[in-house]
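Q: I am attaching a structure below and will ask some questions about it afterwards.
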Amino acid sequence: MGASPVLDTARFDTVAVDAINAPDFSLAGITPLLCVFGAAAVGVLVEAFAPRNVRHPVQVAVALAGTLGALVACVLLAGTREVTAAQALAVDGAGLFLQATIAGLGALSILLFAERSLDPARSSFVASAAVPAGSARDRELMTAQRVQTEVYPLATFAIAGMMLFTAANDLLIMFVALEVLSLPLYLLAGMARRRRLLSQEAALKYFLLGAFASAFFLYGLALVYGSTGSVQLADIRAAGLEDSTSTLPVIGLGLLIVGLMFKASVAPFHTWTPDVYQGSPTPVTAFMAACTKVAAFGAILRLLYVAFGDSEWTWRPLVYGIAIVSMLVGAVLGLTQTDVKRMLAYSSIAHAGFLLTGVLGLGPGGTGSGLQATMFYLLAYGISTVGVFAVVTLVRDGDGEATHLSQWAGLARRSPLTAAIMTLFLLALAGIPLTSGFIGKFTVFRAAIEQGAWPLVVVALVASAIAAFYYLKLVVLMYFSDPAEDGPTVGVPGLPTTIVLAVTVSATLVLGVVPGAVLELAERAAIFGA
Amino acid sequence: MLSNYMPFVGLFVLAAAFALFSVAAAPYVGPRRYNQAKLEAYECGIEPVDQPLTGGRFPVKFYLTAMLFIVFDIEIVFLYPWAVSNEALGVFGLVEMAVFIATVFIAYAYVWRRGGLEWD
């Protein structure tokens, strides 16, 4: 009995002593993450100790300092290429580019959160989320100008999770980051000040389906670990999948893809998207649509290019099919929507399909322009999306935001400037030349064609044409319809929303007219250092 | 390879046999003296709380307490392995654990200041 390996106590002892050692740690490489996590922790302390009347400005300042600090840190780290924290985190061009994108878009979203002049009650967030909707206390708080400030630490934690998600070089860290970014988002989705039941329904749906998707991810992780013996992306790549009989890691990869595609709202894992985008407070919708998309695609790119980059045959057909489904579902179902936020949700699903077209632009041996094209597209799409939802927060009637399409009729006559800005963003989302959307689509389609995926690009062009119909339908509605008698008014935005609109409008135009510098930056940053 | 697991199979068989034997033998060999406590869910420990008359709901406070317990309990789980390999980890481990405990205290400060520790 004593000779049996199961009972070999001597072996267990040596394993236990060797297991824990101080890992190598490059603090410089993770400054962007430390900035945002630090800001989130400070935000929690402010919530605990600062008096109520100063909390709002302090929280906004802390959140902005954290995100902008992370942005600066990413810029200063440009060119770094290392793997740190016991191989768990990668600091490389692609990671830093995407982290900077998330930090920048996150700062813009925080500004939208901080807008206080549009709603008569001074905030788009419920004053106390635990009070039952419709109760006497709820009605009392509805008119009181008390504001919720916990949204800022929550959003900062979500941004930190998203940034960690794109840097994760290890499936377990990737899972932790997935949860860190998801849990605050579930809460934020349920905090709308108006239409509270719709918002709470959105939060519950997002939570249940999100938990389900996380379980898929974990199951996939377990299968990949079981077959390759490691959770680190570089080791999974080294384990090799040249043998087409190895079904276990392929099934594992499939399950990992399901979990990640859910977060990226790619059809057929998109069913939560319209309900959650519609029910959430609009600044949160902007944040989810822009930043979560960047983070999820960052993780998808890293998983597919680093861990499974040598064994493309495992994922190429799958991603090819999902891209087609997502583009068509987003384009066709978007046509039937009557709510602006739902329409933009389907637009987001279609864009996820276009992004997958870029993901397919990976050539043999890591060549191909897929990575840089997808990164540029994410930046361009994120900026236009934050901008378009910022415009949605402006159009209001007595009951909050007026999101029904018919309420937008004749908006150009009430407010020509708002209609013009909205038109610019819609054209950018449709991919019309001279906007960032056109350059983005052009680069991802070119990357896919270089790898011979031209049938996919044909489908993508057809889907773009269909989707352009509903963007242009809204433009026509704004310019060529008579405004309704009791139509909505366009609110005068305060400083935060004005800054967001100015930044997003100019970035959309600059990326559309003179994209050279940013394209070059994306090209130089397109490195995964495993 | 599979033979390595034979001791486990033996253990399972033994455990199942013991359980079956105990259940089967108890009615014949054990004394039967009923009292009130035997009808409760657990014969030892705290008596179960009555269900509220208005329906099968418990105050959400229990849930909050359970959640807080888990947050602070998990901290201990991380302290044990560090304590065991303190020598191997050195100053790095000490600093990391200090940072970790500081973040847990941030959560504690938040819970305390926002009234999460008050029952009423």
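Quick reminder: no glycine exception, Cβ is built from N, Cα and C everywhere.
Note: TrEMBL annotation is automatic and uncurated.
Relevant sequence annotations retrieved from TrEMBL are reproduced here:
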{"type": "DOMAIN", "residues": "A:168-466", "note": "domain 'NADH:quinone oxidoreductase/Mrp antiporter transmembrane'"}
{"type": "TRANSMEM", "residues": "A:25-46", "note": "transmembrane segment"}
{"type": "TRANSMEM", "residues": "A:58-79", "note": "transmembrane segment"}
{"type": "TRANSMEM", "residues": "A:94-114", "note": "transmembrane segment"}
{"type": "TRANSMEM", "residues": "A:171-192", "note": "transmembrane segment"}
{"type": "TRANSMEM", "residues": "A:204-226", "note": "transmembrane segment"}
{"type": "TRANSMEM", "residues": "A:246-264", "note": "transmembrane segment"}
{"type": "TRANSMEM", "residues": "A:284-305", "note": "transmembrane segment"}
{"type": "TRANSMEM", "residues": "A:317-336", "note": "transmembrane segment"}
{"type": "TRANSMEM", "residues": "A:343-363", "note": "transmembrane segment"}
{"type": "TRANSMEM", "residues": "A:375-395", "note": "transmembrane segment"}
{"type": "TRANSMEM", "residues": "A:416-440", "note": "transmembrane segment"}
{"type": "TRANSMEM", "residues": "A:452-472", "note": "transmembrane segment"}
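Looking at the shown structure, what environment does each listed feature sit in?
A: Long-range contacts of the transmembrane segment (A:58-79) within the same chain, counting only residues at least 6 positions beyond its ends with a Cβ under 8 Å from a Cβ of the stretch, are 28-29, 31-33, 35-36, 38-40, 42-43, 46-47, 50, 91, 93, 96-97, 99-100, 103-104, 106-107, 110-111, 113-114, 149, 152-153, 155-156, 159, 163, 525.
Counting residues 6+ beyond its ends, the transmembrane segment (A:246-264) has Cβ neighbours under 8 Å at 171, 178, 182, 209-210, 213-214, 216-228, 236, 239, 272, 292-293, 295-297, 299-300, 303, 308, 314-315, 318-319, 322, 352, 355 in the same chain.
Only residues 6 or more beyond the boundaries of the transmembrane segment (A:284-305), in the same chain, are considered here, and those with a CB under 8 A from a CB of the stretch are 90, 94-95, 98, 101-102, 105-106, 108-109, 112-113, 151, 155, 158-159, 161-163, 165-166, 168-169, 171, 174, 177-178, 181, 185, 188-189, 191, 233, 256-257, 260-261, 263-265, 276-278, 315, 319, 341, 344-345, 348, 351-352, 355, 359, 362, 366, 370-371, 374, 378-379, 381-383, 385-386, 389-390, 528.
Proximity of distant same-chain residues to the transmembrane segment (A:343-363), defined by a Cβ-Cβ separation under 8 Å and at least 6 residues beyond the stretch ends, is recorded for 261, 264-267, 270, 273-274, 276-278, 285, 289, 293, 297, 300-301, 304-305, 309, 312, 316, 319-320, 322-331, 333-334, 337, 369-371, 373-374, 377-378, 381, 385, 388-389, 392, 405, 429, 440-441, 443-448, 450-451, 453, 456-457, 460, 463-464, 467, 470-471, 474.
Sequence-distant contacts of the transmembrane segment (A:375-395) (same chain, six or more residues past either end, CB-CB distance under 8 Å): 94, 97-98, 101, 105, 108-109, 112, 115, 118, 124, 282-283, 285-287, 289-291, 293-294, 297-298, 340-341, 344, 348, 351, 354-355, 358, 401-403, 407-408, 411, 418, 421-422, 425-426, 428-429, 435-437, 439-441, 443-444, 488-491, 493, 497, 500-501, 503-505, 507-508, 511, 515, 518-519, 522, 525-526.
Beyond its flanks by at least six residues, the transmembrane segment (A:452-472) meets 320, 323-324, 327-328, 330-332, 334-335, 337, 343, 347, 350, 353-354, 357, 360-361, 426-427, 429-432, 441, 445 of its own chain at Cβ-Cβ distances under 8 Å.
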Q: Would you mind listing the long-range same-chain contacts of the transmembrane segment (A:25-46), meaning Cβ under 8 Å and 6+ residues beyond its ends?
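A: Residues 55, 58-59, 62-63, 65-67, 69-71, 73-74, 77, 80, 82, 84-85, 89, 91, 96, 99-100, 103, 106, 149, 152-153, 156-157, 159-160, 163-164, 167 contact the transmembrane segment (A:25-46) from elsewhere in the chain.
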